[in-house]
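Accompanying notes for the structure given below.
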Amino acid sequence: MKIAIVVALISIFQIYHQAAASALSLLHFGLTNFQLSLISATFPLGKLVGTLSVVSLYKSFTNRHCLDFNAHLLFAGCALQLLPSYIFFCLGRFIAGIGVGIGFVSAPICIKDMTSYHERPKIFFLAAVIFSGSAVFSSILPFFKGIHYMTFCFLMTLPSFGACVLYYKYRDLYIEPIKEEFEDEYVESMSTYVLFNPRFLAYTLMVINATIGVPVILSYSSVIFNHLNIPPHKSAVLSMLYPLVQVFCLYVASQMDKSVTRRMMVIVGFGICLAAFFALMLTQAFSTLDASPEFKAMASAFWFIILAGIMAVPCNSGLCIISELFTSRYALFRGVAYSRAIFWFLSAVITSTFLPMLDAGSLFTALLPSFVISLICYVYICMLLPDDLEHRGVLGSPIASSYGALNIMY
């Protein structure tokens, strides 16, 4: 349990760096939208590079070595961010992102190594609470009005330094299984049709994670609230509220009866998120509400917080499912790494283009592409997730051995 928390702190918790642009936009350091977009994009770009490199690293090193690289690069990147220059801040975020990208692949595999099938959802939910806690931390920073830029950089990197120190102290608690031989090219037993193989499902789960709003909400929650004509101080409060709603939703989900399966968490959870997303888009598109801007702002903020709060449950359950999809350890490494790479790539694209689209159009037009892609992915997920997902996991059978909720492969 302790090592699972520690590896979550050097990987999942570090997602709070993604919210730097949201905090900086409220602290008025004189940064332009282009600079905010660059700050927001450099971290996921670093994570993309780290995620793409982790498979090659694992061929030469162990998973614990990969976690070491995570901690070393995170420490170095945060140290670089303390230098008094906007360029160094971006460069440091990129280097830290490389480390976190490695950790986002290695940490779930470490958790799988150290837990049983029945224990795993609890650990993943704990990791999700840590994820939401990181958003709470980043949302607190805008309340420090009048702080110096260097003070902001120090506060932004302090938790990362602490997480690295904890990892260096407890890293020996991770007992890794003996490394298996690498096959030249892994092939899942039931991947005759590319559309229904485990990697495609992992990719689809990561695409809907990105497009349902995770990177936009982390990076620009305060900007969105400001765009809704909500005052800056209220925007800061609302940006701190949605992570608390996430923690509440995760707690409720963790207390549900065991008859509520992971598949149900994903299908029902993303269904509710899409309904809230649609309600937000509809509220923005309704011109009749323009006569009452305060009501329109309140309604939009309500649906935004519902979307941001509930998405933690299906996103987290999807990550737990991905850890069960593959029949070998190396296949798991590749599947997790490449699906994560897709998520980071989409995060970089979405966060770097969101502000220009918002300035050129409206919140509706800025969110519309993400909504459409999320809806398409949701239909695929409903088809792809096996009906007997939980039963196969309990028996220890590879989920890939009978794929497609409609048994379409047969």
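Going from the start of the chain as shown, residues are counted 1 onward.
Cβ coordinates are placed from backbone N, Cα and C, and glycine is handled just like the others.
A TrEMBL annotation is a machine prediction, not a hand-curated record.
Source: prediction; values computed, not measured.
As given in TrEMBL:
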- 33-57: transmembrane segment (TRANSMEM)
- 69-88: transmembrane segment (TRANSMEM)
- 94-111: transmembrane segment (TRANSMEM)
- 123-141: transmembrane segment (TRANSMEM)
- 147-168: transmembrane segment (TRANSMEM)
- 200-223: transmembrane segment (TRANSMEM)
- 235-253: transmembrane segment (TRANSMEM)
- 265-289: transmembrane segment (TRANSMEM)
- 301-326: transmembrane segment (TRANSMEM)
- 338-358: transmembrane segment (TRANSMEM)
- 364-385: transmembrane segment (TRANSMEM)
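Counting Cβ pairs under 8 Å to the transmembrane segment (338-358), the top-ranked stretch among 33-57, 94-111, 123-141, 147-168, 200-223 is 200-223. In this chain, the transmembrane segment (200-223) lies out of contact with the transmembrane segment (94-111); the count of Cβ pairs under 8 Å, excluding pairs fewer than 6 apart in sequence, is fewer than 3.
Long-range contacts of the transmembrane segment (265-289) within the same chain: residues 205, 208, 212-213, 253, 295-296, 299-300, 303-304, 306-307, 310-311, 313-315, 317-318, 321, 362-364, 367-368, 371, 374-375, 378, 381-382, 385, each at least 6 residues beyond the stretch ends and with a Cβ under 8 Å from a Cβ of the stretch.
Fewer than three CB pairs closer than 8 A are found between the transmembrane segment (147-168) and the transmembrane segment (235-253), and contact between the two stretches is not assigned (pairs 6 or more residues apart).
Listed as Cβ neighbours of the transmembrane segment (69-88) (distance under 8 Å, sequence separation of 6 or more from its ends, same chain) are residues 10-11, 14, 31, 35, 46, 50, 57, 94-100, 102-103, 106-107, 149-150, 153-154, 156-157, 160-161, 163-164, 167-168, 171.
Packing against the transmembrane segment (364-385) from elsewhere in the chain are residues 196, 200-201, 204-205, 207-208, 211-213, 216, 263, 266-267, 270-271, 273-274, 277-278, 280-281, 284-285, 321, 350, 354, 357-358, 403-406, 408: each is 6 or more residues past its ends and has a CB under 8 Å from a CB in it. With a cut-off of 8 Å between Cβ atoms, the residues of this chain six or more beyond the transmembrane segment (235-253) that come close are 22, 26, 125, 128-129, 132-133, 135-136, 139-140, 142-143, 217, 221-222, 225-226, 260, 265, 301, 304-306, 308-313, 316-317.
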